[in-house]
Amino acid sequence: MLHSSAMVNSHRKSMFNIHKGFYCLAAILPQICICSQFSVPSSYHFSEDPGAFPVATNGERFPWQELRLPSVVIPLHYDLFVHPNLTSLDFVASEKIEVLVSNATQFIILHSKDLEITNATLQSEEDSRYMKPGKELKVLSYPAHQQIALLVPEKLMPHLKYYVAIDFQAKLGDGFEGFYKSTYRTLGGETRILAVTDFEPTQARMAFPCFDEPLFKANFSIKIRRESGHIALSNMPKVRTIELEGGLLEDHFETTVKMSTYLVAYIVCDFHSVSGITSSGVKVSIYASPDKQNQTHYALQASLKLLDFYEKYFDIYYPLSKLDLIAIPDFASGAMENWGLITYRETSLLFDPKTSSASDKLWVTRVIAHELAHQWFGNLVTMEWWNDIWLKEGFAKYMELIAVNATYPELQFDDYFLNVCFEVITKDSLNSSRPISKPAETPTQIQEMFDEVSYNKGACILNMLKDFLGEEKFQKGIIQYLKKFSYRNAKNDDLWSSLSNSCLESDFTSGGVCHSDPKMTSNMLTFLGENAEVKEMMTTWTLQKGIPLLVVKQDGCSLRLQQERFLQGVFQEDPEWRALQERYLWHIPLTYSTSSSNVIHRHILKSKTDTLDLPEKTSWVKFNVDSNGYYIVHYEGHGWDQLITQLNQNHTLLRPKDRVGLIHDVFQLVGAGRLTLDKALDMTHYLQHETSSPALLEGLSYLELFYHMMDRRNISDISENLKRYLLQYFKPVIDRQSWSDEGSVWDRMLRSALLKLACDLNHAPCIQKATELFSQWMESSGKLNIPTDVLKIVYSVGAQTAAGWNYLLEQYELSMSSAEQNKILYALSTSKHQEKLLKLIELGMEGKVIKTQNLAALLHVIARRPKGQQLAWDFVRENWTHLLKKFDLGSFDIRMIISGTTARFSSKDKLQEVKLFFESLEAQGSHLDIFQIVLETITKNIKWLEKNLPTLRTWLLVNT
């Protein structure tokens with residue numbers, strides 16, 4: 001799964017501790033080998049203690065008290081029939097689950113949520129007591145755990161197979177989970193309905209009763225009944241269609257490979273598709289609503305190239321004969337990797353050359369690469385439990401880098417990947433962060449695991465490990481991991497083992513030597529030892545939270561190194577600082593270069609302090625070469641002065657990514673109280689000579705951040721001087737920008753950012769040009785093709801008049817391009833009139849003109865503006881209960897709404913206001929991790945202003 005960030009630019013102690021053992025039933029059932037990682041008691045039966053178990057909805061005792069399912073009954077195969085009615089907006093369904101019983105039991109526990117069970121029966125071909133068809137079962141329901149219990153009249157016997165048949169029905173969901181309805185508007189204005197599934201992480205149980213945990217892998221045979229005007233899609237190819245009475249059709253699909261329930265998918269719609277064949281014969285199809293079929297061609301081209309790449313890179317063929325990618329009009333996340341039927345938000349799959357910018361193209365390519373990587377990481381090899389969600393999400397995010405670089409080098413994603421790491425450092429440098437791998441049991445806790453730590457930090461430590469091991473060894477290791485655990489589940493240690501012993505069978509059959517390959521000298525560290533070495537190093541990154549700070553002090557030819565925990569908003573002089581540093585130690589794979597040599601030196605820092613000797617005297621040392629390491633670097637003494645001097649004299653002597661890293665680190669260190677703000681601002685002087693777009697954008701992003709912070713606080717003297725400084729120093733590069741789509745991807749992204757900044761600062765030439773283009777666009781009735789990279793800027797300037805704002809809202813409703821709608825919605829949110837902003841929010845809540853899927857991002861962008869910040873926050877407080885009816889408590893949307901409307905506050909009054917609101921929620925969410933993150937972020941903002949406001953004011957007076 002990937003969360004959408006297109007409009008904003010942009011997952012306890014276990015209640016059920018299973019002692020993991022290994023058993024295999026092959027000896028008893030030679031025709032079946034079911035190997036799993038469970039241990040079970042000798043039998044399951046009712047407790048005589050009436051207080052030991054919860055109470056079912058009918059008042060009887062429910063026979064199971066844990067959140068996790070018992071492992072005594074293992075699903076092997078589901079026969080699932082579904083008939084959705086797109087008129088009455090409900091569905092009827094039935095299933096027959098083949099299960100294997102490992103120990104005697106009186107009950108079967110499954111997951112089920114909001115389903116009406118109308119009948120349940122049991123049959124067995126191996127147990128004589130259940131050979132007669134239709135032995136009816138009593139069904140108990142315990143909604144608090146989203147579980148049902150099927151009570152059997154006589155104990156099920158060990159090592160026998162049974163068939164559980166269940167009939168059930170439900171309404172199609174109004175939200176974005178389970179089996180739900182989505183709508184779209186045709187060019188002619190007609191509203192049409194489709195039925196779609198989205199099951200990750202714990203919503204398959206909303207569509208059919210099942211063993212809804214990733215460890216319970218099974219095969220699925222799916223049948224879908226539909227009307228003739230619709231098509232049905234599922235994970236596997238359709239094998240036949242049966243005509244029924246009344247004009248209905250029933251599609252039967254091939255049985256799936258063995259997989260987890262969260263990957264099951266089926267859709268009934270009237271979409272059209274374009275198709276192609278990969279070099280290995282896989283049919284790839286892109287589906288979209290009929291009027292948007294012309295926007296699917298880039299996705300098809302990219303999918304074919306990326307699937308071919310992954311098959312070669314992983315040395316494993318994609319195991320299905322087809323792969324469908326479909327753009328869903330209502331979709332909460334960016335995309336979902338259902339095996340063979342990947343679902344996408346429209347902005348993550350469709351590309352319209354007339355309205356999609358360079359950034360849009362990069363986003364679509366990344367999301368496709370991410371979801372295709374999941375067909376191996378996540379689908380073929382699945383984490384044992386959601387605490388290790390990073391094993392699939394971190395890898396998929398990392399594989400975006402590898403795959404996009406290989407297939408579309410012109411998109412220059414290698415440079416952009418730095419932002420993936422910089423984004424998560426903001427959160428990971430707070431004390432309220434969490435380890436990558438963290439216990440999660442409830443559905444809400446599991447949903448909270450889908451966050452920047454699992455995705456971005458997971459990807460960044462994998463990139464660091466690849467740089468440490470070397471590309472070839474790392475690739476061999478992940479190939480071994482995928483081959484060894486295909487169609488199975490894995491945990492952290494399994495990955496470290498594969499990366500430590502990355503010998504493939506081919507290495508030995510060809511007579512190769514793997515464990516001490518002499519070819520791997522550039523990145524292979526001679527002291528990298530056995531299995532425990534990689535595990536020992538990487539557990540310091542996955543099992544403890546936070547990010548290390550490397551403190552470097554140069555003394556002649558000697559470097560004194562020290563590692564600390566890097567914390568934003570907690571300063572060394574604060575009383576709590578020392579306690580927050582205790583027990584934190586990372587094994588950091590360091591890299592560094594010097595002014596005297598381009599050679600990349602390597603060292604692992606395993607202790608709190610260490611000393612390195614340089615071979616020759618050097619004027620400066622730069623650690624974390626190309627920012628491949630996940631750590632911040634602080635140069636004590638004259639270290640920063642020497643680097644800033646070098647940037648001003650000849651910045652090209654430092655590598656482009658190193659310049660980006662220096663800008664990032666220097667401003668991060670200001671937030672941690674380790675550097676004064678004037679030192680960081682002095683570094684920005686060199687940017688007027690910078691030609692690397694990533695470095696320019698990194699520096700500008702901090703200056704723009706400070707400007708908007710002052711603007712929101714109405715500190716007008718500083719905001720005006722910052723505006724003057726920005727236009728004074730960057731006017732030449734702003735004025736060089738053409739209002740076109742010319743140049744490389746980075747040229748185009750720089751153009752968008754610079755012109756947006758110029759118009760935000762009311763730079764007269766920018767406002768004049770944007771106004772001119774907007775007027776021409778209105779006069780052409782929206783037919784004029786404005787260059788895509790400046791489209792958002794033109795719309796934003798146009799939205800500042802009443803006529804322009806109203807016209808944009810009309811065009812938003814009419815547009816057939818989701819990329820254009822995103823740009824229009826952003827522009828509408830920049831209005832300075834609060835009644836217009838409130839109208840947008842109300843339309844988002846209603847969900848007709850502005851789809852509810854966009855509400856969280858809309859509130860986020862509105863809150864970024866001075867006129868919208870308090871408005872958005874007040875709306876959230878007043879409508880919290882209504883918001884929880886639209887989005888799950890721990891969902892990405894709720895977390896974005898909370899952080900987006902509060903995290904920019906920077907006063908003690910607002911901190912208290914937010915804190916009191918969170919405390920008032922109690923069961924409605926006061927326990928969410930995001931609340932502590934927000935409170936700490938606001939505190940950090942307050943301390944930043946207290947410490948740096950006088951310095952910023954003085955520095956600007958001197959430099960403008």
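Yeah, the Cβs are placed from backbone N, Cα and C, and that goes for glycine too.
Quick look at what Swiss-Prot lists:
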TOPO_DOM  1-20  topological domain 'Cytoplasmic'
TRANSMEM  21-40  transmembrane segment
TOPO_DOM  41-960  topological domain 'Lumenal'
CARBOHYD  Asn85  N-linked glycosylation site
CARBOHYD  Asn119  N-linked glycosylation site
BINDING   Glu200, Gly334, Ala335, Met336, Glu337, Asn338  substrate binding site
BINDING   His370, His374, Glu393  Zn(2+) binding site
ACT_SITE  Glu371  active site, proton acceptor
CARBOHYD  Asn405  N-linked glycosylation site
DISULFID  Cys421-Cys460  disulfide bond
CARBOHYD  Asn650  N-linked glycosylation site
DISULFID  Cys759-Cys766  disulfide bond
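Mapped onto this structure are the features recorded in Swiss-Prot.
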{"residue": "Glu200", "record": "substrate binding site", "contacts (Cβ under 8 Å, 6+ apart)": "Met1, Tyr262, Leu263, Met336"}
{"residue": "Ala335", "record": "substrate binding site", "contacts (Cβ under 8 Å, 6+ apart)": "Met1, Leu2, Ile342, Thr343, Tyr344, Arg345, Ser348, Leu349, Val367, His370, Glu371"}
{"residue": "Asn338", "record": "substrate binding site", "contacts (Cβ under 8 Å, 6+ apart)": "Thr197, Phe199, Asn235, Leu263, Val264, Ala265"}
{"residue": "His374", "record": "Zn(2+) binding site", "contacts (Cβ under 8 Å, 6+ apart)": "Glu337, Lys392, Ala396"}
{"residue": "Cys421", "record": "disulfide bond", "contacts (Cβ under 8 Å, 6+ apart)": "Asn456, Lys457, Ala459, Cys460, Asn463, Ser627, Tyr630"}
{"residue": "Asn650", "record": "N-linked glycosylation site", "contacts (Cβ under 8 Å, 6+ apart)": "none"}
{"residue": "Cys759", "record": "disulfide bond", "contacts (Cβ under 8 Å, 6+ apart)": "Cys766, Ile767, Ala770, Ile793, Ser796, Val797"}
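The Cβ of Asn85 (N-linked glycosylation site) has Phe91 as same-chain neighbours under 8 Å, each 6 or more residues away in sequence. For Asn405 (N-linked glycosylation site), the nearest of the recorded positions Asn119, Gly334, Glu393 in terms of C-alpha separation is Glu393. DSSP assigns Asn85 (N-linked glycosylation site) to a strand in the three-state reduction. Maximum C-alpha to C-alpha distance over the listed substrate-binding residues Glu200, Gly334, Ala335, Met336, Glu337, Asn338 is 13 Å. Taking CA atoms as the reference points, Gly334 (substrate binding site) and Glu393 (Zn(2+) binding site) are 13 Å apart. Cβ proximity to the Zn(2+) site centre (mean Cβ of His370, His374, Glu393, cutoff 8 Å) flags the following additional same-chain residues: Met1, Leu2, Glu337, Glu371, Ala373, Phe377, Gly378, Lys392, Phe395, Ala396, Lys397, Met399, Tyr455.
The two recorded residues, Glu393 (Zn(2+) binding site) and Asn119 (N-linked glycosylation site), have Cα atoms 38 Å apart. Restricting the average to the topological domain 'Lumenal' (41-960) gives a pLDDT of 94.
Same-chain residues that are not part of Glu200, Gly334, Ala335, Met336, Glu337, Asn338 yet have a Cβ within 8 Å of the Cβ center of the substrate site turn out to be Met1, Leu2, Asp198, Ser333, Ile342, Thr343, Tyr344, Glu371, His374.
His370 (Zn(2+) binding site) falls within a helix when secondary structure is assigned with DSSP. The most densely surrounded of the recorded positions Met336, Cys460 is Cys460 (count of other Cβ atoms within 10 A of its Cβ). The number of other Cβ atoms within 10 Å of the Cβ belonging to Asn119 (N-linked glycosylation site), over all protein chains shown, comes to 13. All chains included, 22 other C-beta atoms sit within 10 angstroms of the C-beta of Gly334 (substrate binding site).
When secondary structure is read from DSSP and collapsed to three states, Cys460 (disulfide bond) falls in the helix class. DSSP gives Asn650 (N-linked glycosylation site) a helix state. The Cβ neighbour count for Asn405 (N-linked glycosylation site), using a 10 Å radius and every protein chain shown, is 15. Cβ packing within 10 Å was compared across the recorded positions Glu337, Glu371, Glu393, and the lowest neighbour count falls to Glu337.
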